[in-house]
Structure formats: C-alpha cells, structure tokens
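Undergrad: Submitted below is the structure of interest, expressed as structure tokens.
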Amino acid sequence: MHKYKYASGLREVLTSFTKRVLLLLVFSVKSVIPSTTMTRQVCLITVFLLLMSMWSSLAQNNTGNTSTLTETQTQLVYVLQQLMKNDHSLATQLGLLVMAANNTQEIPAAQAHVNPLLNLLLKSLGDMLKNPTPPVTTNNINGSQPPPMGQSQAPPSGQNNLLDTLTQSAVLRELMALVTKQIIEGQQQAKQGNISVDSPLMFIHPLPLVQQLLASMPARTAVPLKPSGLVSDVCYNDVMTTFDSLVAMKKWAVDMIDATGKPNAGLQRGSFYFLGSYDQCYQIKPEIKAGDVIGGVNVTSSRSFSTKFCRANIPIPDSFVESLHVDTHGIRLKLIMGLCVPETCHSADMEGLFKLDAIKRLNIPVESVHCYDEKDLSADKSAIAAICVLSVFGFLVVCGTFVDVIRRHQSGDRNPEMAAVAAKYTPNRETNEYANITKNGQDNVNKENASNDKIYVNGFPPDFMPHKESYKGLSTIPNGDMMSTEKHINGDTINPRVQNGGVSKSENRQSKPRQGILERAVVCFSLYSNVPKILHAASGAGAVNCIHGIRFLSLTWVMIGHTFNYGIISQDETFTADNLLDFVPYYQRFTYQAVIGGGFAVDTFFVLSGFLVTWLQLKEMHKRNKCALGDWIMYYFHRFWRLTPIYMMVLMTFGCLYQYMGSGPFWPSKLWSAEHCKTVWWTNLLYVNNLVSTDAQCMGHTWYLADDMQYYVITPIFLALMYIKPLLGALSTLLLLCVGIGITYWKEHDVSGNFFSMKSDGGRYWKEVYTVPWCRVGCWAIGMLLGLLICKRGNKPIKNRALVLTGWMAAAGAALAIIYSPYGENKDGGEVWTPTQRAFYEGFGRPAWGLCIAWVIFACHTGCGGIINSLLSWNGLIPLSRLTYAAYLVHPIVMEVYFSSRRTLFHVNDYSIIYLFLGHFGMTYMVSFVVSLMFEAPAMGLEKVLFRPSRKS
C-alpha cells in the first residue's frame, strides 16, 4: 500500500508540473532536435514525464472510459508525434518503451542498476502503457494523426533499450538519489514528530535540490571544452571555477553575477543595454582558499585572480524590430549585455566561450564581445609623443608667465590693457591735473584741482569700472581672432603720453631695456598677458559688433543639435539611453524642428567669414592703393597660421590620448573618429578632409574648416575683381552663388537625403551633399557680396523706415519658414518629400538663410537693428565670441568623453536634455579657455613677433 500511495502523490506532482509547461513544449518541440546522446536523453526524460502526466489524467477520470482524450492529453500526443517526426531513432526508443511495459513483474533495483524510486516510476509507466492509446481527433492539432502508441518496430541490433539509456544518464541518477534522500529524511522527521503525511513529495524542496545537483556536477562536466582551441585554458578554468563557486554560494562569485547585466524594463522603448555594474566588477577580488569544496573537488591550495568587465553584442531579430513599428533611420538595433569575467579572459576568449557546443545549443547569437583590457600607456608611442609635446607647451606657458611677471615687476609696468585707462585718471605730475582724451589727440586739462573732495585710488575714481561698455580696446577678426590692442577708445585717439601710462614714448624707451626676440617669443605664452586679452569685454572702433553675438549664438545652436547626437545616437557600439526609441516622437514634434535646423548655423559661419574677409581685405587694399604679391602671401599664411596650431594640437590630443581620457561600460573599443587621426591626419593639415578619405574621417565635424579654407583660397580672385571693377566682382560672385545652387539641386535630387538618412544611405548625403564645398559655397558668396556692399556704402543709416520694417519682416518670415517647413514631413503621419522637394529645399534653403543673416548684419551695422543690435552687440558676449573657434573644435570631444564615461543609462526627456546641454556648454567653454590660452593666443603672439618685427609687443 505504501508503494501505491507513493505513486499517487508522484502522479499529482507530475500532473501539476507538466500542465504548466505543456503549452510551451507543444510549440518548442517543432524544431529539429540535434542527434546527440545528451539531447536524446533529455528528450526521453521529458517524454517520460509527459506520459506520467497522461496516466495520472486518465486515472483521475474514475469512469474507466479511455476512449476520449482530454485537450491536455491531445496536446501530449501531438508533442510525441512531433518528436517522432523529427527523430526516427527516438520513435524506435518509444517503441521499446511500449515493449518494456509488457513486463509486469517488479524489476529488482540491483539488476537494473537504479535506485528504487526510478524503478517505481518505470513500473508505473508500464502499467499505464498496458492499455492501447485511442486514436486522436484532428481538433486543435492541425490535422496531424499520431501513430498508434501500441505499435512499434523491433529494435535494431545492438540498440540499447530505454532502461539502459536512462540509467546511463549521470544527471538523472544523481537527481533520483537526491530526491530519494530528501523523501527518506522527510519521512523520518514526520515519524519522529508524529505528523500525518498525505504525500511524501511534500518533502521535496526544489531550490536545495537544484543547488545540490549543481554542486555534485562540476561546470566542466556540464560545459566541456569542445571544440578545443576556442578558449584559452586559463580563461576556461577560471570561468568554470567561477560557476562552481557560484553554486557553492561564495560571496565573490555572487558579486560577479550581481555585477553582470540583467534585463531592464522598457525593452520596447529601446532599453537594449543590460548594463551591470562596471565599478563593482573591478572591485571584486576572487579568492579560493585551501579546503574549499568547489565543483565537488576539495581545493588543496589557495589562489586568487582579478576581474574585468566585458560587453557582449547580440543582434536583435528584424522581426522584433518590425514589431516595434518605429523607423530607426538606419540605426542597427542590438542587445548589449555587461559581463563580469575573470581577468584572464580576453575578447577572443569570451567569443569562443559562446561557441562551445554546450553553450551554442542555447541558440544565443552573440555577434561580438569586447573586454576592457588594461591600457598600457608605456607601450603606446603615439601617446608618449603627444604627452611630451603637451609638456613642452605647458613648460613654455610656465616660463612665459614667469618671465613676463618678472619683467613687469622690474620695469614697474601695469597690465598694458589697463594702462591707457588708468592714465586717463592719473594726475599729471607737473600740473597735478588730469589728462583727458580728445578726438584731435591733444590733452585737455581738467580745471578741477586734484585737491578737491574726490579721492582717487591708484589713479582710478571710486566709481570706475574696468570693463565699462564705453571702453573699446580690442578688436577681433573672423572666427574669433584676437587682434592687437587698438589705438582707439570710443573712436578717440589716445595721446601718446597717455597711451604709455602717462609717460612719453621717448621716456618709455629710456626706462625700458630693449627686449630680445627670444624673450618676446617666450612671453607670448604668458598667462599674465593672454588671460586679459581673451576676457577683455570690448571691441575696436568701427567694428561690426553684432557679429560677436551672431557667432556665439550660432555655436550655441550647433551645440544644442550635437547634444542630441554625440554620445547618444552617434555611438556605434553601445546605446547610452534607456529609451532610445523615444527619439522618434521627439523629431516629430513641431518645436524640435529648430534643433534639426541647427545645420544652418554652419551656413551662418560661412556668411560671417565671407563678409569679414571681403570687407577687411577691400579696406586694406583701398588704404594701400595697391595689391602686392607679398600681401597675398601673408594673406594665405595668416589664415593657415590662425587656424592650424590649435587645430593640430587638439587633433593630436584627441587621436593619441582619447583612450586614456576615461573608462566605463559605454567606452568604445575603437572610436574611429579618433583612430583615423593617426593615419589620415595629413588630410586635416592640408584642409582636404572633406574630399579625401571621407570614409575614414578624423574629427568629422572639422569638415567645416576644410570648406572654409578652400573658400579662403579662391576668394582673392573675386577680391581682385571687386577692387578693379566692383560691378564685375559682384557679378562674378553672383555667378558663383548660382553655380552652387545648381550643383546642390542636382546632387540632392540624386541622393534625396537629409540628416536622418545619413546612416541608412551609406553616408551619401554626408559625403556628396552636406560637406562638399560646391554645395555650401552659396552662403560664402552672399557674405562676400555683403562685404562689398558695406565697404562701398559704410554704415550710413537707412532713412526709409518702411523699407527697414519690410526687411526685418521678410528676414524673420523666411528664416522661420526655412526652419519649420520640414515639419510637414517629420510629423507623425507626415508625407515623405519627393526628390524634387528635397532638392529645392537643399539648393535654395541655405542661400535663403544666408540672405536672412546678411540682412541682420547690414541692419545692425547701419543703425537699424534696435534692440536686436543691442543684444547681439552686448560686450559680455565678446569673450565668449573669441572662444568660439576653440569651442567648436573641442565640444564634440567633451560630449563623447562624458557619455563614454557614464556608469548609468541616460533617460531622454526635455529636462534631462536641458541640463545635459548646460553641462556640455559650461565644460566646453572651460576646456576651450584652457586650449586657447595654451595654443591659440601664443600662436597669434608669435606671428607678430616673428613675422611683424616692426610691431613691438
């Protein structure tokens, strides 16, 4: 009776379990089962449990009627049918199972080499199979008819029977032994405690059972090193030891699993990076002590190893991407999982681990694995060279500052930027009166005696502000260039005596020793001199002051657009956002079109550069009344010297030192925009990186500098024509504008791309339309025409107020139409533009934008800007304007380093983007200030020392 009560409880458990997993099994067994011994044994065990469930279901009917199958039983028969279809040898084994059922005698355990529990299960199965299985109806099984269960073919010669197959399974034998032990111990405890037991299976505890089963089977047995050669022995042993230690519940092994990535919420919104804990992984110190039992083996000697973080990339099936119903615009979606592994494993080892037979059966299509190996700076020659060069510049800055401070202290000089202003309020030593500045350059005498009730401290009145808006001491030239201090303050000429701090030039020459060229060159690196030059909030007389505001706001616009791109979308290897797919509703919003339109800010830079070079050069040519060859040589040299030193230093630092700037789970294995700098840097040096090696660009955002330099090279042709025949020069420039529009229309009609197609079209829009000079020359031409107009007309105000109002309304309306017209296509359900529409927008939109900017400059310079001119000309924007070139160079690097160094996923929403932009903005300008002090300002000073010796520093 005890035996049958035991079997009844087992039937209840098996029935409850198999009914829960049945539906999953029905649809999963349709795939072909690999013909391996281990897999076949697993399938036989599964079939064994399913047949037990059928038997228990039939036994519970109590009617004894077996002519009708329940839905569950029908599904079970369907599973058996599919198994036998896919593996004929399995069908043979099932036939042997039916034949074995004819033996009604109890099989002795010793004879079967199994424990009593397995023997009981087999005998119960035989009892069930004595009755033939009725036919199966076609309902709910797709018309499939299983073969009669009572019929089977004779086993082939030498074929093992089912009993032998099951008893050969080490896993099954161990499982049965553990289950039997738990039941026996539970019955003994129940008997001692006088506890009534309905079913002995209540003593089975699954979690300890699984743990004991895993502990009894080393990981090397479950995952053998087959095929060999895919994983290094040391990595394989450490990984298997980690698994065995996890089963043994060693804390360090549990910590490694804790540091490994796990599925996140929000998969359907783009949370595809199972991040893990990067820092926790590196803090773990695995240690195996002597005497520990790991994988069923008693460890005899202690050992320890370190850990590292790896990243596994798993491609997401196209079917899942399609189910999301979003347009990824060519961004390839993939699942990324962080792994904490032993330090002895490298990327190739981890890739090989996923190709082992035992793991490969899990059908996990791991595409690649990247492990963060320790970076060896001492073996990186390019990094060492870059550090040496930067050290030389740092040494020059320290020396230049020291020499400058000592020199000024010995000569009693004040900061030259403030000397002239201080002198204005310094009493004349002979007359005790104050010097004033007049337009004719003569000193006026302040009739008030110095003994009045006003007290002057160090030559300044109490209410004096050093950066008063009326003071204009410095002027700038294109792209934020710093020029030498002007000799004009508020349009007035400074008295030579006042200009030198109240000391005449002859007195000054007698009191100052003559400086050598080497000393002057070193002083060019002085922070004491360069910091005031950059931060000085004033512009020179006659300058177009609104340009400072336009330049600064344009760079800000570029940075807003890049905030959404660099580090979030631009990352090829990792996704840094946990809601990546929410970008789709973002660009569908009306307000977001202003962010998309940030590309027009680059056209604004082209207008500014074209205007300034034309205006300044024509003024100089008319002033000298000649156009000598030497002037044109210096014209090209100045431009190259102005842009290149800081450009090449940033490029060198980025290309050689980027991988040492940070670390983290998002840090790319190869940032190609930096890696390419080591091989194609010469294209940047020659300013042809927009035309040569466009598939391997270094610092891709510097395509603008290449375009700008190429326009600068051809501009003298048009300047010469404007100088000789202004009308002919204007017509030739207008022809250049028309040619640019025509070529842009033609190329865009062929490519039919935009910002969102840059990844899906293989980069055609980027390489053939967006960055090439002939498609962006229109705004440069408009800038040159504006420079010619202002050079000829000056700043005479427009008297016709109606014309001014019409100009402002037309410019504002056109600018808004250019920015927001793509909303018709980008909005949800919007109509896709035709190639003709795209070509028209690309060909005419940028020149139209250039005309809008040209009007703003013209109106502000002629006194028709009103409050707009006041805002754009605010002196507080001048220092920021001087830093725009350095900020343009470094801001993508700042963004990339920040996102690559993050430890958590970024959630995209309006507030987080605003905070992110403000952080990028602040960090960019801090870095650009340092970069400008070290490279840009010294380069401009050296040009004056080495190539303009007549001008004293």
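All positions are counted from 1 along the displayed chain.
Any Cβ shown, glycine's included, is placed from N, Cα and C.
Note that the coordinates shown come from a computational prediction; the quantities given were computed from them, not determined experimentally.
Copying in the features that TrEMBL gives for the protein in this structure:
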COMPBIAS  131-140  compositional bias 'Low complexity'
COMPBIAS  150-162  compositional bias 'Polar residues'
COMPBIAS  492-505  compositional bias 'Polar residues'
DOMAIN    232-373  domain 'Nose resistant-to-fluoxetine protein N-terminal'
REGION    131-162  region 'Disordered'
REGION    485-513  region 'Disordered'
TRANSMEM  383-406  transmembrane segment
TRANSMEM  552-570  transmembrane segment
TRANSMEM  590-616  transmembrane segment
TRANSMEM  640-661  transmembrane segment
TRANSMEM  709-724  transmembrane segment
TRANSMEM  729-746  transmembrane segment
TRANSMEM  771-790  transmembrane segment
TRANSMEM  802-823  transmembrane segment
TRANSMEM  848-871  transmembrane segment
TRANSMEM  883-901  transmembrane segment
TRANSMEM  913-935  transmembrane segment
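In terms of burial and nearby residues, how do these features look in this structure?
TA: Beyond the transmembrane segment (552-570), the same-chain residues lying 6 or more positions past its ends with a Cβ under 8 Å from any Cβ of the stretch are 331, 576-577, 583, 586, 595-596, 598-599, 601-602, 604-605, 608, 701, 872, 877, 880-881, 884, 887-888, 891-892, 895-896, 898-900, 906, 908, 913, 916-917, 920-921, 924.
Cβ atoms under 8 Å from those of the transmembrane segment (709-724) belong to residues 606, 609-610, 613-614, 617-618, 621-622, 627, 632, 635-636, 639-640, 643, 687, 690, 730, 732-733, 736, 773, 777, 780, 784, 788 of the same chain, restricted to positions at least 6 beyond its ends.
With a threshold of 8 Å between CB atoms, the same-chain residues lying at least 6 positions outside the transmembrane segment (883-901) that come near it are 479-480, 534, 551-552, 554-555, 558-559, 562-563, 566-568, 570-571, 576, 643, 646-647, 650, 654, 658, 661-664, 666-668, 671, 699, 701-702, 704, 919-920, 923-925, 927-929, 931-932, 936.
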Undergrad: Write out how many residues of the domain 'Nose resistant-to-fluoxetine protein N-terminal' (232-373) are helix, how many strand and how many coil, based on DSSP.
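TA: Helix (H, G, I), strand (E, B), coil: 51 helix, 32 strand, 59 coil.
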Undergrad: Do the transmembrane segment (771-790) and the transmembrane segment (590-616) share at least 3 Cβ pairs closer than 8 Å, excluding pairs fewer than 6 residues apart in sequence?
TA: yes
Undergrad: Check for me, if you would, whether the transmembrane segment (640-661) reaches the transmembrane segment (383-406) - at least 3 Cβ pairs under 8 Å, residues 6 or more apart in sequence.
TA: yes
Undergrad: Counting a contact as 3 or more Cβ pairs under 8 Å, with residues at least 6 apart in sequence, do the transmembrane segment (383-406) and the transmembrane segment (802-823) touch?
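TA: As far as Cβ distances go (cut-off 8 Å, pairs 6 or more apart), the transmembrane segment (383-406) and the transmembrane segment (802-823) do not touch.
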Undergrad: The transmembrane segment (590-616): which same-chain residues, six or more beyond its ends, come within Cβ distance under 8 Å?
TA: 477-479, 544, 547, 550-551, 554-555, 557-558, 560-562, 564, 704, 707-708, 711-712, 715, 718-719, 722, 755, 770, 776, 779-784, 786-788, 790-791, 818-820, 822-823, 826-827, 845-846, 849-850, 853-854, 857
